[in-house]
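What TrEMBL says about this protein:
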type	residues	note
DOMAIN	19-189	domain 'FAD-binding PCMH-type'
ACT_SITE	Arg166	active site
ACT_SITE	Ser239	active site, proton donor
ACT_SITE	Glu335	active site
Amino acid sequence: MTLQVRAGVSLKPFNSFGVDVSARLFAEAHSDADVRQALAYAAEHAVPLLVIGGGSNLLLTGDIDALVVRMASQGIRLLSDDGERVVVEAEAGEPWHPFVHHTLAQGWSGLENLSLIPGTVGAAPMQNIGAYGVEIKDVFAGLTALDRQTGELHEFTLEECRFAYRDSLFKQQAGRWLILRVRFALSRAAHLHLEYGPVRQRLTEQGIDQPTPTDVSRAICSIRSEKLPDPAVLGNAGSFFKNPLVPATHVTHLKQQYPDLVAYPQPGGQMKIAAGWLIEHAGWKGFREGDAGVHKLQALVLVNYGNATGPQLLDLALRIQKDIAERFQVELEMEPNRY
Ligand code: FAD
Ligand code: NAP
């Protein structure tokens, strides 16, 4: 047996909020064989199994009475290259941003807008990670997952993944699919998406008129670094709430009272409201109680100033949710996965 199972392991280093809880059992899976050993171990000892990657989209609200398996499998391989389009596969444990960096260094375009997102390749499909107008569904070419119910491998197509805004089949069927490796279709010719937020403006400020994918990646890294707290310095899980989708009539109604409300039209006639705008205008930006707070620069990000507990962070989130519902009649949905 190569899998090293340890008991009573602190998960503080393994969740970006830096919440100090412990796992009853903990192991790192470096291969498919390790994953299968972990499943067998959990079944034999009758403990639940929780798979994690970088822990950057978790809110841990207490000790975890499970075998926590951190995906640490490594490997990136080129599966096909027709001179224009490449298909590249990465193992679940590969850290996301270095993988993006690797694809750009090969001259492959498609992931540049998803630069500097923490976490692993294997978790990226879970909420169809997205930023600056691109989601992984836009470059997705398939994935291999283990069905924890049957022990069989399944190759998923784009349609089968049911990707939606911060959502997927894997999130809907939480605990069933263990993602082992993911494939992306990237392009040698750049098809850049610059019309989102301040991306083009940042490039212009840098004197770049005809950006390469690497230029776009660098611009996005610089924007993100200015605005988002680095989890290594200040615990957080990125955006704590999804941007709510509401009927356009509700936005019209809100705009009568709040003319500067930020909302974007969506396919299907709905509008997406910037949740950060709602939270900021409700006065929560910079709020702090004990070590749980709302980031000073980005109201969508809850932060742990040191020793906040999961329940304290959750309590703050629930208070914000209630306040936003009362003030704006908008329901905010939490984004991190809670355990
Ligand atoms: P974890 O937090 O470890 O796990 C997340 C969920 O996936 C859990 O339910 C876990 O059980 C499950 N899981 C993990 N690995 C696997 C696997 N191999 N198979 C099956 N299930 C698995 N998200 C965005 O979409 N866009 C952003 O721009 C963005 N920016 C962020 C910025 C900061 C500063 C932070 C802290 C977070 C940000 N996030 C963003 C959220 C987060 O980085 C992503 O959701 C990321 O994909 C989570 O990866 P992870 O490996 O850390 O997953
Ligand atoms: P921002 O640029 O201040 O924009 C605020 C919100 O407006 C964003 O959430 C974005 O929605 C939306 N938006 C902006 N321009 C838009 C456009 N042209 N069309 C449609 N919607 C538009 O946002 P930010 O907080 O600095 O984040 C920048 C990007 O990184 C966003 O895409 C955001 O989702 C992503 N991000 C995600 C996380 C996370 O944890 N999930 C954390 C940090 C950043 P969308 O969020 O739907 O894109």
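Here the Cβ of each residue, glycine as well, is placed from N, Cα and C on the backbone.
Quantities reported herein were computed from a predicted structural model and do not represent experimental measurements.
Non-local neighbourhood of the residue listed as 'active site, proton donor': Ala275, Gly276, Leu300, Val301, Glu335, each in the same chain, at least six residues away, with C-beta under 8 Å from its C-beta.
There are 18 other Cβ atoms within 10 Å of the Cβ belonging to Arg166 (active site). The 10 Å shell around the Cβ of Glu335 (active site) contains 18 further Cβ atoms across the protein chains shown. DSSP assigns the residue listed as 'active site, proton donor' to a strand in the three-state reduction.
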